[in-house]
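TrEMBL annotations:
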ACT_SITE  Asp645  active site, 4-aspartylphosphate intermediate
BINDING   Asp645, Lys646, Thr647, Glu757, Phe801, Lys835, Arg864, Thr945, Gly946, Asp947, Arg1027, Lys1033, Asn1056, Asp1057  ATP binding site
BINDING   Asp645, Thr647, Asp1053, Asp1057  Mg(2+) binding site
COMPBIAS  77-105  compositional bias 'Basic and acidic residues'
COMPBIAS  281-296  compositional bias 'Basic residues'
COMPBIAS  298-309  compositional bias 'Basic and acidic residues'
COMPBIAS  399-408  compositional bias 'Polar residues'
DOMAIN    175-226  domain 'P-type ATPase N-terminal'
DOMAIN    1080-1307  domain 'P-type ATPase C-terminal'
TRANSMEM  231-248  transmembrane segment
TRANSMEM  1143-1162  transmembrane segment
TRANSMEM  1187-1209  transmembrane segment
TRANSMEM  1221-1239  transmembrane segment
TRANSMEM  1246-1268  transmembrane segment
TRANSMEM  1280-1301  transmembrane segment
Amino acid sequence: MPSSDPYHLSKPPDSHVDESDSDLEIDLEELDPQANDPTNHQQQSEQRPPPPSIALRNLRMGGLRRGAKRNGYGELGRSRDRNDEDADALLRHDYSVSSATHDEDAGLLSEHGGGGRMRTSSGRRRRSFASDGLRNISMKLPSFMSGDQSSHSEEQEQEEDDPSSSRLVAVGSSQSTRFPPNIISNAKYTAWSFLPVTLYNEFSFFFNLYFLLVALSQAIPALRIGYLSTYVAPLAFVLFITLAKEAYDDIERRRRDNEANSEEYTVLQFEDPGASLGINRPRRKMKSSHTRKGSKRLGIEQETDRLSDIQEEEEQAEGQGLRNLPASYVSEISKKSRDLKVGDVLKLTKGHRVPADVIILKCLTHESSANKEAEEEVPAKEEVLLLDHVEDDGAGEGSSKNAETSTENDNKGAEGSSSGETFIRTDQLDGETDWKLRLASPLSQNLGTEELVRLRVTAGKPDKRVNEFVGTLELLPSRQDVMSGAAYNPREGDDIKAAPLSIDNTAWANTVIASNATTLAVIVYTGPQTRSALSTSPSRSKTGLLEYEINSLTKILCFLTLFLSIVLVALEGFSTAKGNVWYVKIMRFLVLFSTIVPISLRVNLDLGKSVYSWFIQRDPGIPGAVVRTSTIPEDLGRIEYLLSDKTGTLTQNEMEMKKIHVGTVSYANEAMDEVATYVKQGFNLSSSASSASLALATPSSAYSAANVGATRTRREIGSRVRDVVLALALCHNVTPTSEEDENGQTVNSYQASSPDEIAIVKWTESVGLRLAHRDRKNIVLESAETGRPVVKVRILDIFPFTSEGKRMGIIVQFYEKLQPGNPSLGSSEIWFYQKGADTVMSSIVAANDWLDEETANMAREGLRTLVVGRKRLSLKEYQEFSAKHHEASLAISGREANMQAVVSQYLEHNLELLGVTGVEDKLQKDVKPSLELLRNAGIKIWMLTGDKVETARCVAVSSKLVARGQYIHTIAKLRRKDGAQDNLDLLRSKTDSCLLIDGESLAMYLTHFRREFISVAVLLPTVVACRCSPTQKAEVAKLIKEYTKKRVCCIGDGGNDVSMIQAADVGVGIVGKEGRQASLAADFSIEQFHHLTKLLVWHGRNSYKRSAKLAQFVIHRGLIIAVCQTMYSIALKFEPEGLYKDWLMVGYATVYTAFPVLSLVLDKDVDEDLANLYPELYKELTSGSSLSYRTFFVWVFVSIYQGCLIQGLSQVLTGVDGPRMLAVSYTVLVLNELLMVAIEITTWHWVMVVSIVGTFLMYIVSIPFLGGYFDLKFVLTLGFLWRVAAIAAISLIPTYAAKVIRRTMKPPSYRKVQGI
């Protein structure tokens, strides 16, 4: 069969420049205004004689000459009458302006850009352009000379896209509708929304709003106490810190988004044949073989540039059938992902991430070197880019065989075209590990690349359903018809071809091309309208649980402040005298007691969060960790539910053949060497064997005589091993491919829709039998050692794997020797091989006593089992089956069922059982111990995956997510409500079981039994949900949060996990092999699943414990000064006078206590080894005991006790008012806080020592500067020192003693594990 010519890069033919003095001529009537009247156009064209003509060159202006290089005469037709199709074709396309070195214009005649399938009725002669075509043109010289104006008006005409309606997409051309840009954005804010949103979030917290009101009250003179800056500056500082942190986090998200949006892609640019070629760009051009052949016959058009010859040339084209110019010339340009638009044609190769939702147009194989037989107009230096067609017997190169398309491919094989198949990986979209076969529509696959601009795609409105798509592909006569959009009306004789589009013709954003072939695809949905974006919930600002708890405590403190103020005013009496109004005094008291709700609390907590984030990112045990949301590290210590993806998170998505059982013997690990020995003997694969003299092996050929000395049992085992290896090497849908690596060496690899099959074929190669070649008709196996073909079969039928059937089969005929052509059906053996799940194969294979036991053993190990069987068919049996099967395939109704019934009747019974294989889905590093540790920490783990039920079950077992012997209750394909309730009742009685549920059943529960389902599910230790859509994953996370009010953590690595991650309280993204979508959208990014244990058990614990201690200490610090103020006001007969004013108030909250209190973020109660050794310590954190109402009121009591003693004794020992009392009271207050920090520290750090000692020394040094507040002479006396020491001792010793007694009587858990 002759192969078709490949596509070549080429340049459009240059316009020939006529150096003669003759001018192009134009009818005078063109300038007659009457010609623009459509009503009399027909009469004028019929009745009037041909008018005189003038030289067109006389109409040219300097502007036209200057603009010739960019506009061409194609601009003449901008304002033409749309009904004149000939003028349309000629003026828009068929003229081109010469290159930069010439100013002369030359025209090329073609009909609709070439390739347009225009038909005219036999009884109608086409109107000549020269005779009356130009009469309908309104000729406004200034406007037709300016290409810029027309392009500008084109942009103005673009309509906004309506997302609720379907769309028309012109392939490779600009669109009449403006669609959204192709931009990925995980940012939470825009430049306009940043301030409003962040300020709203800040003041939605009660204590921020409280301080805003206090600061505003200082603008009223009657309420002012001290400096205004004392109250305004702290609030402004807090807001500045918070807003700066939010801005930094969002800028980092934008920076990472920008990396993804800047990814370069190759886009095909389609230029009109009539467009100017003067602008030289460094681009590669593509042109197909039939265009090159046609261009040789265009000598007449290329040798003339006279409009006066056009009529003659049209008649000549009609009479002789000249080939047309192509619809476009194709060049390659590079575009960033953000610049891609709807209608752009992408060139994608293996490993490319698809940047937008696309329709696959062509799948083309590569050619390694340039074609030596290029046509004359193709420069030798230009390389061959694409092959449109491959030979029939070379179909194994760059494409894969699939039974579902075999009939279609056989039909196309006669034309020598490639099958248009490609594989994509969708694990980043839906979590499924199997590769998906995608097909180019035959309408576009068999079309020249330069003719793709004649295609128009009709697609539905943007939709989030990733498994559904309905559309239409149309081939119109010309590019202009395509670009006219919905305004296009088919003309008489137009040949319009259409083909349906389905999900099989698509590749959604974030999928990855897996085939070696080059794929050309047109973008139909971009940016926020892609399937992955629609399945992703928008980013939201997350607030930690600790923040809400502190917010509720703050309300209590505020109520306490109001109560205290009213009580103090009431004790004096509600006076209304002038200057002593009671409500003004209450307001002044509220301002004085504002320290009870400390503004510095937010500053300290935010600084603490930054420190925790720094620790996480610098931890050498979690390399590559990134904190993207620094506001919620404390929540890492409060997780009770972990929702995990499977593919790429728990598993590596790499399959490995681990075990094979042949009935009496099981082989695994090192025993595989023995299998290789049996294979070598069974197929006579020794390197000394002569390839010329040996016949091919068949199942019936005798076992090799190399085993003469072996026992009979060993020979039988060897024969069984040989048979099962042969079956596994033939019964699959794998295609071998070869490609060059970085070093230029050829590397063999395999392509298939299932990684299981690839693992099995790789295993057969490792034991000596390599898959060398596969196409639609044949499979060739060769020796892995010598490369000699040992088995060749003819493929008669394939029965592909389906999720319902759970099995796949193949009927093959064995070649007995290498020979050209196919053997006749009766000349050699015909065998039926089948493999599938043990649940369906157990009833198909012959009776045996070991299958059930062995598959159960493998399943307990978490291996994915496949049962392999075979059956020999006689010629008569096969012919009878084939006839019946063909007859069933023609049925209109019940076709699939009828075909399956024929297969079951003739093939699927009494198969010879050959063996059982066990394939392992490799787990990520340390997944098993990590899951066990997290379970012991009290975290309930759910696995949500888009993969199949069987796969999910195997991984749940192999990862020890399900304990050995634990009952797994499976709910699949549930459609009836009555059955749903029965399953829930069963689970209520078995709360120690694992629930395995598929997406269809889950959707039914979430719709009809939402509360009932979640109430039962949260009781179970493990839930596995498979076939989940991204939306379902997010819905499950939200449902758990709403029902349990517990903290939920979601972890994943793919684009399909983004919704779940964003819906969770804490989202953790793993940097996946194929993309960073999950990592970019997550709050925390890690590189391995096992890093999660350290993130939660160590960093989460420390963050929560430290922040809880820090928050309570800051509250204590503010409350104690308020108590002192209360004692002072009581002594002053309830007057609202400030005790510590101005600098004393500001200094107390900043330089005198801030650093020691903040150093508590370095405290830790246990070391990392103990935290990992006793994960039960983590379980205590989830109860929130570190910051609860009990601990809060303990600190309130301590604050009241210490405040009353400090201020009361100061007033008793030095007098109520005066600088002496202030010096003693303030000094004891500062010393008390420093020593309280020291008492609270569990594990000392050198920074803590420096901050406490340094702060105390700083206070001592600053006392001489406080002469405006203190009596400095009194400070230097012994009386000052003993008063300070005595008051501090009475304040601190009872507090410390109570803490020691409590630890001794009821030690905390961390003390128990430390042995203290």
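Cβ atoms are placed via backbone N, Cα and C, with glycine included.
In terms of DSSP secondary structure, the domain 'P-type ATPase N-terminal' (175-226) contains 25 helix, 2 strand, 25 coil. Annotated pair Gly946 (ATP binding site) and Asp1053 (Mg(2+) binding site), C-alpha to C-alpha distance, rounded: 13 Å. Here the domain 'P-type ATPase N-terminal' (175-226) returns a mean pLDDT of 82 for the predicted model. Taking the binding-site residues Thr647, Asn1056 in turn, the residue surrounded by the fewest other Cβ atoms inside 10 Å of its Cβ turns out to be Thr647. For the transmembrane segment (1143-1162), the residues of the chain that approach it from at least six positions outside its boundaries are 226, 230, 233-234, 595, 598-600, 604, 607-608, 611-612, 1106-1107, 1109-1110, 1113-1114, 1117-1118, 1121, 1222, 1226, 1229-1230, 1233-1234, 1237, 1240-1241, 1245, 1247-1248, 1251-1252, 1254-1255, 1258-1259, 1262, 1266, 1269, judged by C-beta separation under 8 angstroms. The stretch from 231-248, 1187-1209, 1280-1301 with the most CB pairs below 8 A to the transmembrane segment (1221-1239) is 1280-1301.
Packing against the transmembrane segment (231-248) from elsewhere in the chain are residues 188-189, 194-195, 198-199, 202, 208, 211-212, 214-215, 218, 541, 591, 594, 599-600, 602-603, 606-607, 609-610, 630-631, 1146, 1149: each is 6 or more residues past its ends and has a CB under 8 Å from a CB in it.
Distance between Cα atoms for Arg1027 (ATP binding site) and Asp1053 (Mg(2+) binding site): 17 Å, as a whole number. When Cα-Cα distances from Arg864 (ATP binding site) are compared across the recorded positions Asp645, Asp1053, Asp1057, the shortest belongs to Asp645. For Phe801 (ATP binding site), the spatially nearest entry among the recorded positions Asp645, Asp1053, Asp1057 is Asp645, judged by CA separation. For the recorded positions listed here (Asp645, Asp1053, Asp1057), the lowest count of other CB atoms within 10 A around the CB belongs to Asp645. The ATP site in the record is lined by Asp645, Lys646, Thr647, Glu757, Phe801, Lys835, Arg864, Thr945, Gly946, Asp947, Arg1027, Lys1033, Asn1056, Asp1057, and its two most distant CA atoms lie 33 Å apart. The Cβ neighbour count for Phe801 (ATP binding site), using a 10 Å radius and every protein chain shown, is 21.
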